[in-house]
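Engineer: I have a structure here, written as C-alpha cells, and I will follow up with some questions on it.
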C-alpha cells in the first residue's frame, strides 16, 4: 500500500489516456469522512442464524470491535479487520487472504502460481504487525487448495479466486473473526465508501518497512463502463473493449491516490451493508503501483461466486482433527523480499501523457473553484 492506500497490479492491456483523464477530471469521487467508535464488548463468538442479506448465514459474521463508520486510513487499528489474513509461501508474505468461516479462507487464484502444494503455504491470522505477533495471532496449516477450475481459461485474470481449507478450525476472538460472504442477490453500495486492507508494497519500488503494519484505505466502487475507459486501447472503442468481466468489480480513489499494490492480491474489499461487513471483492489486478495513480483497482466480484463457494465447501470432506498437524507457533516475520511476478499483473500505461494532462486539468479545476 502507498501511505493510506493498498495497491495491486493488472493485465497487459493499454488504455485511452485522454478519455481516462476526462473521466478523472469530471467524475471525481465524492469523499466521505467517517467516524469509528470502539464498542464496549468484542464481537460475539457463538453460533447463530442470521440473515444479514439474502442467504441465511450459519455463523455470525461481519462484526468488529469498531461499530459505526470509520475515519481515514493508513495504518489500520488492531481488531479493525479481524478477517484479514496473510498468505505465507515458504516463510514469506506473498498475498492477502480473507477468513470466511472457521474452516475456510478465500484469496486470489494467481497467488498460487508458484505451487499448488498445501504444505508450501501457511495462513497467518490475528496479526496487525507481521513482525509482532500477539497472543491472538495464529499460524494455520492448509489442508486443501481449491483454485477455480476456469481460472484464466478464456480471459486474463478471469475467475481469479481460490478457496483454502484449513487443517484445524480457528477460534474466534475480537482479533480473528469471519467476514460475511454475499450472495447473488446482495446489492453493492452505490453511494457509500468501502475499504481495502493489506501488507503490500508502498509502491512498485518501495517495500513496506518493519514492523510491517497492516494498512487500510477508503475507496469507492466504480461502474463497469467508467472503469473500462481506463483499460481500453486507442484502436478499440469503449463499446467493443471488454476488460472488466462480469466476475470483476472496480474500486479506487484516484483523487486521493488509493489503490492496491504488489502483495495485496487476494486481500479484501469490504463494504458495510445493513451494519454487517461484506466481502464484496478480492484484490486481483490493477495498473502500475506508481505515483500518480492512473486507474482504479480490479477485484474478483465475490457475489458472482457465492454458489461456487457453497458447493466447494459442501463437497469437501471435513478434516479429521486427529490427522491434522499440531498447531504451529505464530512467527515473527523479520525480512521482506521481492514478490514473484505471480502476485502482480501490470498493464501498459501511457504514463507521461496521462500524468501531464492530469496535473493540467486538476490545476484548471482548482482555479475554477
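Just so it is clear, glycine is given a Cβ too, placed from its N, Cα and C backbone atoms.
Pulled the feature table from Swiss-Prot, pasting it below:
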- 110: active site, charge relay system (ACT_SITE)
- 160: active site, charge relay system (ACT_SITE)
- 265: active site, charge relay system (ACT_SITE)
- 95-111: disulfide bond (DISULFID)
- 194-271: disulfide bond (DISULFID)
- 227-250: disulfide bond (DISULFID)
- 261-289: disulfide bond (DISULFID)
- 70-314: domain 'Peptidase S1' (DOMAIN)
- 1-33: signal peptide (SIGNAL)
Engineer: Please report the Cα separation of residue 160 (active site, charge relay system) and residue 194 (disulfide bond) in Å, rounded to an integer.
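Structural biologist: That comes out at 20 Å between the alpha carbons.
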Engineer: Reduced to three states, what secondary structure does DSSP give residue 110 (active site, charge relay system)?
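Structural biologist: Reduced to three states, the DSSP call for residue 110 (active site, charge relay system) is helix.
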Engineer: Test of understanding: give the count of other CB atoms lying within 10 angstroms of the CB of residue 261 (disulfide bond).
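Structural biologist: The answer is 32.
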Engineer: Near residue 111 (disulfide bond), which of the recorded positions 194, 261, 265, 271, 289 can be found within 10 Å, Cα to Cα?
Structural biologist: 265
Engineer: Quick check: of the recorded positions listed here (95, 265, 289), which one has the Cα closest to that of residue 194 (disulfide bond)?
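Structural biologist: Checking each of 95, 265, 289 against residue 194 (disulfide bond), the shortest Cα distance is to 265.
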Engineer: Say you check the Cα of residue 265 (active site, charge relay system) against those of the recorded positions 110, 227, 250, 271, 289; which is nearest?
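Structural biologist: Nearest in space to residue 265 (active site, charge relay system), counting only the recorded positions, is 110.
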Engineer: Provide, as an integer number of angstrom, the distance between the C-alpha atoms of residue 289 (disulfide bond) and residue 227 (disulfide bond).
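Structural biologist: On Cα coordinates alone, these residues lie 17 Å apart.
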